[in-house]
Each structure stands twice: as structure tokens, then as C-alpha cells.
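In TrEMBL this protein carries:
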- B:Glu142: active site (ACT_SITE)
- B:Cys99, B:His141, B:His145: Fe cation binding site (BINDING)
Amino acid sequence: MQYFALTIIGRDRPGIVSQVTEILYRDGFNIADSSCSILGGQFSMILIISNPKITSKEQFADDFAKLEESNLSVFIRTLKPGGEERPELEGHLCMISVYGADKPGIVYQVAKELGDRQINITDLNTKLIGDEKRPVYVMMIEAILPDEVEIETVESWMVELKQKLQVDISVRSLLAVEL
Amino acid sequence: MAVKEVLVYPDPRLKEMCAPVDDFDDSVRQLLQDLVDTMIDAGHSVGVAAPQIGDLRRAVVVDVSKSKLGKKQVNHGLMQMVNPKIIETEGSQVVREGCMSVPDYTGNVTRAEKIVVQYLDENGDFKVVPSEGFEAIAIQHELDHLDGHLFLDRVSSLKTDLFRRKQKK
């Protein structure tokens, strides 16, 4: 079956989800996976969708184009075969909390330490908190560490960064258990 | 030896409130044995609750000593618990849980770090046992089953927590 990634973003207000999912429902789409959240004043939706009767985005793109009239931006990406499946990631989960006075480059420099070592980030949230005089940046990263990489090892990668960026960074393991 | 089928949601029995055991008779001993057999048969499982095999009585078994994580920690080996009740909790920790009855899905759940649990053991003797670490998580997870709770009822997300705290100001 052909899968599509549907991204919708627009000024937050009540009714966006129902407006979007009504179209999906009427067109006969399945929502395989989705994540929707409010970022700043914008509501953003990312959905992986499929419909046994639809093979190309031209068949349904017009239905969503209507949303543009209510100030929502719509983007549809056609997935390659297998693109709907999450790759099997071996290893153990860890959470990295980074927070401190806001300054440029916090996300990039922390992510670079991980990316350079082929560590896979599975979830990342950032938020600017505090007030205008003293903005505080908070970032939460969830990453999968290969078996041979210990929590202490990740901590050691962050020591220099803590100094350089003057932020607090803590790393802890996120216990994942099947019960 | 009786390995039972592990029920999978949406089987309605997983959402039932289980009844306390009043008479500790042979059928209770048989239930505990079935739970143990089913847990062992399920490979890496560290616990099974009675409703997961379709029996709506308050009984669970837990054994983390055979798991990779559990054997590194202090634990009580095989625990067979009838009418279990958590009487004290301390601390909290976030755990990514999965469940045999809800395949292919995991969620972050907040659990107590340390607990004290009371129960009748396989001989009908009253026990009060402190537990911590992975074993305490497993006990809390299995006991939830007796009240018709799945981990899906307890999922929390860090992002929401942050948001809530901000609103309180």
C-alpha cells in the first residue's frame, strides 16, 4: 500500500484536528502514525496516512488544498516503499536534559556530539521558558545508545560542552521494560 | 503444568476489577501455578496477572531474577501473590513500559521507586515485603492489571508536565 506523510500547520484555534481528520475520514484514509502539538502559537500536525484506493497524491491533494483557505499550510510527501516502517534500532534508551541561559547553538552543538558518533535521536523537544530578561532554554533529547555505549560515556562527551555553553546537562538512562 | 493464552487488548476482561480471594483453596494454588507456567512460557516475561489469562481473581506472579536487568539488582526471585496490596510507596521514576497484553506499543509511565507490598503467598501465609528497582516496577505494573488498569492509563509525557507547571504560576 502507498503511504503518504501529511504535514499541516497553522495558527492555533479550536477545530483544526476535526477539520483535518474529517477530510481523511471522508476520503477513506487510515492514520497509521501521528504526532500533533502546539509550537509557539502554531498547531502542527504530522501524520502518516494510507488508503488502499489511492496510489498518488494527485488523487487527493485537492481535498486538502481547501484547508489553505482557512489559513492552514498543507504539505504532502509521497513515501517510498517501506518508508512507513520504523527501522529496528538496537540499544538502550537515554534521556539528555540540557538547560541554561539562552544562547545560539545549544541544540546544534549537543546534537553534533551525538550525530558525529552515529547516535540516533528518537525524540527532541525544546522550549524557551523564563521571562524576557532572563530567558532559559530547555531541551530534552531521547536517544538510543548502542549496547557498548554507557551513560557515563555520554556524560563525558558533554563535560566540555557544559563549560563552553555554560549550560547544565544531565544524562540518565530511561528504563525500557516489557512486562 | 498449564500454560494459558495471554489475553490481548481489546479483550474486555483486561479492563475488569478483579475480586479478592476469600478461600485459599486448591483452585487458587492451581491459578498461581498456571500464572507461573504462563510467565515462564512467555520467554522474557517478568510477571503475569490473573486477568491476563482470563481469571478475574486478585493474583499475580512476578519474577525478575531471570531477566537481564533484574538479575543485576536485589530481588526476591519468584513471588506468588494473592490479594496483593501496596501499602507504602517512596520516590518516583519514569519507566518506558511495554506489556504482553498491549503489543507493539510502549509509553513512559511514572512509578514509585520503592514500595512495600503485602500479600498471601503460595502457602496462604501473610507477607509484607519491601521491594525496589525493576522488581518494584513489575509489581506495580501487575497490580494495576487487577484494577483493570493498563499502562496506557498511566502514560505521562515530560512535555505536558513542563507545560502544567508553567500554568500553575
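Every residue gets a Cβ built from N, Cα and C, even glycine.
Checking the recorded positions B:Cys99, B:His141, B:Glu142, B:His145 against chain A with a Cβ-Cβ cut-off under 8 Å leaves B:Cys99, B:His141, B:Glu142, in sequence order.
Cα spacing between the residue listed as 'active site' and B:Cys99 (Fe cation binding site): 10 Å, rounded to the nearest whole number. With a 10 A radius on its CB, B:Glu142 (active site) counts 27 other CB atoms from all the protein chains. Long-range Cβ proximity for B:His145 (Fe cation binding site), meaning a same-chain Cβ under 8 A and a gap of 6 or more residues, is found for B:Leu14, B:Cys18, B:Ala49, B:Ala50, B:Pro51, B:Gln52, B:Val60, B:Ser101.
In the three-state DSSP classification, B:Glu142 (active site) falls within a helix. Contacts of B:Cys99 (Fe cation binding site) defined by a Cβ separation under 8 A and a same-chain sequence distance of 6+ are given as B:His141, B:Leu150, B:Phe151, in order along the sequence. Other Cβ atoms within 10 Å of the Cβ of B:His141 (Fe cation binding site) number 26 in total over all chains.
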